[in-house]
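Trainee: The structure's right below; bear with me while I get my questions together.
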Amino acid sequence: MSYRGRAKEFLKSQNISIGDIISIKKDDTEYMGMLLDRAEDADELHIVLKMDSGYNVGIALTGSEVKLLEKGDKPEINLPLLEIKRDPEKMDVSIISTGGTVASIIDYKTGAVHPAFTADDLLRATPELLDEANISGKAIMNILSENMKPEFWVQSARAVADEITEGADGVVVAHGTDTMHYTAAALSFILETPVPIIVTGAQRSSDRPSSDAFINLMSSVAMAKSDIAEVTVCMHATENDNQAHIHRGTRVRKMHTSRRDTFNSINSPPLASVKDGRVKIIDKTFTPRKRGECQLDVNDSLEEKVGFIKSYPGIAAELLDYHIDNGYRGILMEGTGLGHCPDHLIPSLERAADEEIPVVMTSQCLYGRTNLNVYSTGRKILSSGVISVGDMLAETAYVKLVWALGQTNQLEEVKTIMQTNLKGEMDEKSSSKYFLRDYGE
Amino acid sequence: MDYEKLGLMMGLEIHQQLNTTKKLFCPCECELTDKKPDYHVLRYLRPTQSELGKIDRAAFEESRRELTFCYDAYPHHTCLVETDDEPPHPLNQEALEIGLIIATLLNMTVVDEFHTMRKQVIDGSNTGGFQRTGLLAIQGHIDTPYGKVVIENLGLEEDAARRMGQRKGKVEFRLDRLGIPLLEITTDPSMNRPEQVREVAYQIGQVLRSTRVKRGLGTIRQDLNISIREGARVEVKGVQDLDSMEQLVKNEVTRQLKLLEIMDELKKREAQVEDTIHDLGETLKDTESKIIAKALKKDGKVLAIKLNGYKGLIGKEVQPGRRFGTELAGYAKKMGVAGIFHTDELPAYGITSHEVELINGFLKIGENDAFILVADEGDKARNALEEVQRRAIMALDGVPEETRKALDDANTEYLRPLPTASRMYVETDIPTQVVSRELLEYVQANLPELPKEKEARIIKEYNLSEDLAHQLVRQDRTEQFEEIVAECGVEPTTVASLLAYTLKELRREGLDVEDLSDSLKGTFQLLKQGKISKDAVSDVLVGVLKENWTPEEAAGNLNLLMLSEENVRDIIVEIVSSNEKLITERKMGAMGSLMGMAMKELKGKADGKLVNKFLKEEIQKYL
């Protein structure tokens, strides 16, 4: 029970617990209903009652006379286990949950929302998935995506690899949306995969009938059955519930705090679209790896001590110095424009080079590529040893640096890795198509 | 009708839109728009999984009914909150405050902490799949000449999207109305006379009008809960017109009584509904009925069921112009068919008596038995007949609990079953809010004047007639009236009668009198300064509205400025001298005719008293 302090004491002294039917008299008014649990961050001066009408109300303890009418059980959710027969005609798709609520269960007696993580919960909420494939599900962790870190990327990658080893024809990773693109990039670099791996999630939680989870999951499973053996992100293509986009895991970014079509491919079109269960290639310039083309391989040694610094007017060199002095093994910079930072940072950049700490330069413009040859500052930054990575997204470059430093400790090798296209994360060519804006003019 | 004896019970539910500057959970304006939508958003809704959740495919299919929802949206008139692409903003405090005012005026107890809930609604009228609503106050009352009526609940909630139409499986809604704050006021079901319901609706309406609520068509919606002792609770949605309420109650009570009579007769006959759904395709393959032939031609089916012991009762009238058969058809239509054919109306609609004989033979129809026939696509026809069977079985128990829709002719029509246990759960995106006692005390200390109090005060303060005062209050013009009187110092009755009557007439002529604002004061100032006459006020306003003139310009251009006394006298001298003959004949008796002539010329430009005085003087000069 989440009641604290005074409320907790009070309820205890009256021998009242959650689920009990009680009456509260206050002046001339009498409230009757079931005692509900209270949010953990709420104050300790009120108790919550669910009235017959279905409404919840908070009632201040002060001046209240409480009477127990009927002892109740704290409602429990005991859903029967599912027995699902494997259909040999269908493909096998695994769904791995890392957190976020892929499914929720609403307890209509109390109105409480319970996040549900098990595969069964997921299938109860989305039985249509079974029409598409044999689904097996696993909840490997339960963390909000802002709390992700490199060691969890490794954990996720290994779980995906296990599913592939056990014969999955495709793997869907359910993930919170905030850092979904970091995880997608990490899986891209860690895994050589013979089957599709799709990261998906929901912008509107599954405790609402309008959740986007359903279409995202259905489209992800369709993609998991395809021949495109890449790590991708599958989310709504537009605000409409009828189409999803498949983005390369190394090219995608969360671009809106709340819209369901928040994920965009940057400096590249989406790889494909999914509509009515059909996958259609959009990016014809990219040759995706085909199913079964390579053997499963896991390169999961990472270097967690990598800094991420954004250049801004007024930035002090001590920010860089701090990372150098505190044992950071690599620094990712999000420069301004073509990949710049103020020239008073150059001595610190040179220090990093002396310490053999790679500094990788990307651009906070998001669209376009870095080019440090155009202005004198750029050339100075370049000659201080900074690694420019062209049109790679800063978040992808950060993940790649974490991975590259896990593969080698040779500065030159890190530079080669960072500047070589491994998983479609960079391209030499910029197309006018890759910059979207439409004001309806 | 002896309602008391019948055990009539009625409760009222009133939904009132508030006139706040912003919506309940986003900063959009609370105005509807007829502009063409700039874009559309396509959505589906799925019921959320409950604690009883199983893989119930049938339930899923049924609840989805494969409907696609298409929302009319605007880049600025609506925002991402309405399209469910942004979490709701914090609760609108202006709406909360209006709610507190109404709660206080209805003698209610305000809750200590307000919890926003989600009420699941998956018919598409809410983009999230739920309506946000919260309980603000409970247990109030109002006094009526028929006794005290308890106000059970006051809820603060958001209005739903506006339904614009439906084409096949696609329902179109407009987002402009979604999120406008609503107060939901429910009484207990203790009322047993239609006049009392009317009185309560009127009184609640008066209370609502004392503060910032929307006015006009569609801004207030009334539902009536109604039952008789032997009958069942029926919720009648959308009672627009209080004047027709009495007839509506009468018709609904009649319906329940007739259904009870039908039940008694069915029991007497030991009536029973057969399960089987028969295919009459072969029997009617050469039919002359266009409807049936058309269905068969399109690979549809003509199906029938047997209702043993129902003959003669299906055609029985339950409300003026509506039969028990209409009730059965109401259930069938929910499955998408256009209607049903039943024994009691055949032969008709191209179905010949010979065909009726054939059907009777095929179905082995006995003396008291009836059949129902539906022609449509196979699944649709079958679903429709299953619904008819279900409803026919209910008839054996009398009156079913239903939500019904009020029709223009004071009848009601089946809408859906009564909502069962309300599926409400917490809105996790809105923090709970303690209703501060300071705010509540402030509200209680600053209550608006109720319309009745306002009327009494202005009658006393300005010496207005009851009728004028009533009109000003009704038309919500009291504030404007008091302002003009205070600023322009014009005689109150003049101002009041212009606001109450003249403006109404101008509006009837198609002028937008709400555009006048400051010109009203300007015009009254001209009157005060003696530059125009009382009679000219209306014409000046017409000029202002039609030509976009200032009041001065209007008075000048329309030749309505008062003449100087000298000019007035000149005109009168002129009139008198050209009517010498008349004066010689009739002496002072010529006064009437001459006054008429003078006023014709001087109307609006000179004060009548002055004209009268000058005329008298000039006539006397000739005597």
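Placement of Cβ uses the backbone N, Cα and C atoms for every residue, glycine included.
The annotation active site is assigned in TrEMBL to A:Thr101, A:Thr177, A:Asp178, A:Lys254. Summarising the annotation, TrEMBL assigns domain 'GatD N-terminal' to A:16-69. Under the heading domain 'L-asparaginase N-terminal', TrEMBL lists A:93-283. The domain 'Asparaginase/glutaminase C-terminal' feature in TrEMBL is assigned to A:305-418.
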Trainee: In this predicted model, what is the average pLDDT of the domain 'GatD N-terminal' (A:16-69)?
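Mentor: Result for the domain 'GatD N-terminal' (A:16-69): average pLDDT 90.
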Trainee: For the active-site residues A:Thr177, A:Asp178, A:Lys254, work out the Cβ neighbour count at 10 Å and name the residue with the minimum.
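Mentor: Each of the active-site residues A:Thr177, A:Asp178, A:Lys254 was scored by Cβ atoms within 10 Å; lowest is A:Asp178.
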Trainee: Could you put numbers on the helix, strand and coil content of the domain 'Asparaginase/glutaminase C-terminal' (A:305-418), residue by residue per DSSP?
Mentor: 51 helix, 20 strand, 43 coil
Trainee: Helix, strand, coil: count each for the residues of the domain 'GatD N-terminal' (A:16-69), based on DSSP.
Mentor: 0 helix, 30 strand, 24 coil
Trainee: Compute the C-alpha separation of A:Asp178 (active site) from A:Lys254 (active site), stating it in Å without decimals.
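Mentor: With the alpha carbons as reference points, the distance is 7 Å.
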Trainee: Translate the DSSP assignment of A:Lys254 (active site) into the three-state scheme.
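Mentor: A:Lys254 (active site) sits in a strand per DSSP.
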Trainee: Specify the secondary structure state of A:Asp178 (active site) as given by DSSP, simplified to three classes.
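Mentor: In the DSSP reduction, A:Asp178 (active site) maps to coil.
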